[in-house]
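The block underneath contains the structure these notes are about, expressed in structure tokens.
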């Protein structure tokens with residue numbers, strides 16, 4: 001039977017050693033689901049609230065016992081006494097949103113609500129004897145995503161003197177996900193050798209990418225291109241580049257202040273100059289995607305950027321849209337960006353996550369399913385990417401088990417789908433004219 005009989009949350013640790021929420025859901029038939037909630041380092045100001053304790057005597061104030069208690073003492077009784085079925089995903093998510101009663105899930109915490117939402121879905125999949133991607137996507141979930149591999153970390157994700165937060169490689173020319181992963185791994189290892197030969201650090205950042213002291217953005221790009229060529233692949237054909245600028249992290253008083261991360265070598269650019277700079281990089285290098293190229297509140301700047309290069313480069317809104325259909329709808333109406341980054345903990349339920357993906361796809365925007373910098377061994381985002389035919393996934397570099405777990409899950413899914421699965425490569429960027 002699908003009726004929920006037990007819900008239990010506990011405090012566990014994420015990939016940065018910070019507390020996060022784990023939730024388990026059990027049905028009367030023995031079906032079981034477990035979910036772990038991720039956490040971000042650079043967060044949009046409009047994201048759903050990640051509830052932390054603030055008690056400096058525990059985990060430097062980052063404990064999540066309040067969120068855990070909200071699951072065990074408030075949400076669990078509602079689910080059990082209400083005799084909810086794990087097959088009632090939308091009703092359960094709606095109930096938790098109403099139980100919270102705030103616009104940003106600030107009362108119960110998005111980390112509490114999301115843990116329950118995902119655990120319920122996993123229990124439902126277990127009940128039906130289906131893989132999670134098949135339960136969530138039905139028979140139509142079959143597209144393996146292009147991996148956006150963050151192999152160089154900057155900004156808030158490392159100590160490297162580079163303002164941009166992520167430098168990614170996208171192996172769009174591969175024939176399968178399996179091959180794209182191999183290409184990415186070979187680029188990663190060649191990059192490590194190149195860095196060693198230059199006497200640069202090969203320690204990795206939060207998301208598994210290298211964080212060496214490059215001379216600047218273009219030095220990082222040129223070095224990555226060298227690693228791609230060392231594998232025998234062609235930049236701009238087999239492999240493209242991508243940036244997560246995380247511009248909100250260095251936007252101060254109307255100025256894009258690169259000096260915040262790059263010191264005395266960092267420029268200070270107006271919105272117009274920021275657009276010019278990004279266009280210059282796009283014209284010079286094989287860049288196919290740019291995330292958060294402008295500040296989350298600089299909608300005028302976003303519009304200029306979109307009008308300027310939005311036909312040839314994927315412009316992804318992360319802090320801009322925060323997986324929120326209200327924000328996304330406004331962006332679509334105004335012609336801002338052409339893609340949305342999907343982070344389940346930005347909005348807090350699976351239902352709202354799927355609503356955002358559906359809205360984007362109907363409008364001709366792409367949806368990029370994403371991890372957070374503080375991750376766990378949970379692989380739900382891999383299943384979501386396939387279930388929704390998102391076509392792209394962003395889940396870190398080719399190191400750290402918290403990142404590799406997602407890639408390995410996609411390898412399993414590709415094997416399970418066999419001939420019915422597909423990897424569309426460059427066709428996944430249907431929002432571009434090139």
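Each residue, glycine too, has its Cβ placed from N, Cα and C.
Since the structure is predicted, the reported quantities are computational estimates derived from the model, not experimental observations.
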- Which of these, 98, 130, 143, 165, does Swiss-Prot say binds (2R)-2-phosphoglycerate at the same site as 343, 372, 373, 394? 165
- Query: Which of 244, 253, 276, 355 does Swiss-Prot put in the same Mg(2+) site as 291, 318?
  - Reply: 244
- Note on the structure: Other than 244, 291, 318, the chain contributes near Mg(2+) (Cβ within 8 Å of their centroid) the residues 165, 166, 243, 245, 246, 290, 292, 316, 319, 341, 394
- Just checking the binding-site residues 244, 291, 318, 343: which sit within 10 A of residue 207 (active site, proton donor), CA to CA? none
- If you measure residue 373 ((2R)-2-phosphoglycerate binding site) to residue 244 (Mg(2+) binding site) at Cα, how many Å is it? 13
- Could you check which of the binding-site residues (165, 343, 372, 394) sits closest to residue 318 (Mg(2+) binding site), going Cα to Cα? 343
- Note on the structure: Expressed in Å to no decimal places, the gap between the Cα atoms of residue 291 (Mg(2+) binding site) and residue 394 ((2R)-2-phosphoglycerate binding site) is 11
- Item | Minimum Cα separation from residue 244 (Mg(2+) binding site), reported as the residue among binding-site residues 165, 343, 372, 394 that achieves it | 165
- Query: Once the chains shown are all counted, how many other Cβ atoms turn up within 10 Å of the Cβ of residue 291 (Mg(2+) binding site)?
  - Reply: 28
